[in-house]
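Peer 1: The structure follows.
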Amino acid sequence: MDSAGEVVNDGKITLEGFTVAARAFADKWKRHNLSFPPWSWIPLINRTMLKKEEGYLSLEKIIILSSLEGSAEEESLDVTADWSEKEESIDHTVLVQNEEDEAHYYDYHIVYSASYMVPMLYFRGYSSDGKPLSLDVIKRDLPSSSVSLLLESKWTFITQEEHPYLNRPWFKLHPCGTEEWIKLLSESSSSDGCQIPVELYLVSWFSVVGQVVGLKIPREMLI
Amino acid sequence: MIFVFQVGELVRRKGSVGEKRMAVKYVWEGAIPLQIHLHKSEVASHPPPPPALVLAPRIGYLPLLVHLIKPYFKDSLPPGEDSIWFDYKGLPLKWYIPTGVLFDLLCAEPERPWNLTIHFRGYPSNVLIPCEGEDSVKWNFVNSLKEAAYIINGNCKNVMNMSQSDQEDLWTSVMNGDLDTYTRLSPKIKMGNIEDEFSRKASVSSPQSRQGGTEIDVAGQVKTARVPVRLYVRSVSKDFENLEDVPEMDTWDEISYLNRPVQFLRKEGKCFTLRDAIESLLPEYIRDRAQRSGEEGEQRTTDASDVSQETRGELKLVRIQGIEMKLEIPFSWVVNNLMNPEFYLHISVLVKEPQR
């Protein structure tokens, strides 16, 4: 936090700002992205600071199904299952058709990095028997534009690291340079070059990051 | 060998450069004697091999010891490829945590030698991230160094701009516990220091004062800065008399891991202590000081009668580099002398949970 108390500064966001932005992001997603289940806010009970709640956003069990005809269609969304009864039902959304003959499940977590002061995307893939998918297999499920981006860019790359809270290996999209392109986004989107309002921070962030993993957000969310 | 020294004494002697080198030297020379047993499922020889005895540098990492350990067991191993991991009483050990930190955290009552089990098969890849020997450890080290740089300087440029050979030499100096080489190379890392009148002679024109995430006040002294800290919190639900009564850890879920910078605040005439630093990370475990907020300059009362210990959580133990820390020590001294080579200060904390 700087002396002016701004929650969004220089492309970065404070912990308090992240909590606000996360809620706003989840709300907008729920309203405008009806073909997907909603994001859940998972509070970190052990870490509650006085009067502040910390947590992360979770979107789980997104399915990428095998294709019967062979061609991948990125926009095909098939709404199934009723996610309002969460307990026992398998909530899933068909995203993209992959080339193999099995269903791949994906979990996504948006976690705040106190060191870099930006959000980070953690994700993992697993098959229906729960077995984790390797990065090579996961890359085959990503949009082809992402794969070339990942190969060429020194800013955007995926590593296997321990989830900051769950004591398990997950994959992480590296945050290097996040604050730079967030700044670019805010400069280009507003006429007076002001900071992105905190409620739109995660929406803007995800509009870029989500694409790397094949999750697109509707334009309505950016308003 | 394991060292124990009076941190208070070192601080009381007015910090001169010579004294600082001594504390850092102790840190680099600190080591844990390990007694490493081959897991019984992997013993393919009769009689089974005796345990390996290895002295592990505190600032080092377990995978770096494999070349010392493997000769003891290679004749006993079943055929196949190695995928090496360690456990302590069944708990798989996170290989990227410095050995000294693992010891301070997992052994409430220090166990000497520390009995660990080594496995060459059956890597628990559902719980541990993969380790391909020295390369993985080095990658983790450089990554942590970059993160620390970002916290201290506001960017990673200092690390990114290091030449490949300097990076190699730096890593090698850490692997070999070679403090002299590390000291010679560290100006090349261009990492800022936190300085106040409690760490060493504050120098207004010091080229090492921090840039980036630092505010400098009128006198040119560092006012605020972010300090890289990794806090490992182990909590127990019941109070205990002796450390040997602390129950064993079954899973890593019992540890709260906070990888979060401490905001170092320097106020005129006031010392920012270790207590202040921990309080900023774990406010619910530090005594309520609201009563004292208006009492500038008065002695802090340590009378517990006005605080209900039953309902409030309690800090039982704070360990850094194997030392049980007194919380009144200036935080700047702690950071400058007890941090690890990647510029992170690792703090192991044992707390009694508050009763909610």
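Cβ atoms here come from the backbone N, Cα and C positions, even for glycine.
Just so it is clear, the model here is predicted, and its values are computed rather than measured.
Not my notes, these are from TrEMBL:
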| type | residues | note |
| --- | --- | --- |
| DOMAIN | B:27-120 | domain 'Autophagy protein ATG5 UblA' |
| DOMAIN | B:134-190 | domain 'Autophagy protein ATG5 alpha-helical bundle region' |
| DOMAIN | B:226-349 | domain 'Autophagy protein ATG5 UblB' |
Peer 1: Give the residue counts of the domain 'Autophagy protein ATG5 alpha-helical bundle region' (B:134-190) per reduced DSSP state, in the order helix, strand, coil.
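Peer 2: With helix first, then strand, then coil, the domain 'Autophagy protein ATG5 alpha-helical bundle region' (B:134-190) has 47 helix, 0 strand, 10 coil.
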Peer 1: Using DSSP, tally how many residues of the domain 'Autophagy protein ATG5 UblA' (B:27-120) sit in helix, strand and coil.
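Peer 2: Going by DSSP assignments, the domain 'Autophagy protein ATG5 UblA' (B:27-120) contains 26 helix, 26 strand, 42 coil.
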Peer 1: Tell me, what is the mean pLDDT of the domain 'Autophagy protein ATG5 UblA' (B:27-120)?
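Peer 2: Over the domain 'Autophagy protein ATG5 UblA' (B:27-120), the predicted model scores a mean pLDDT of 94.
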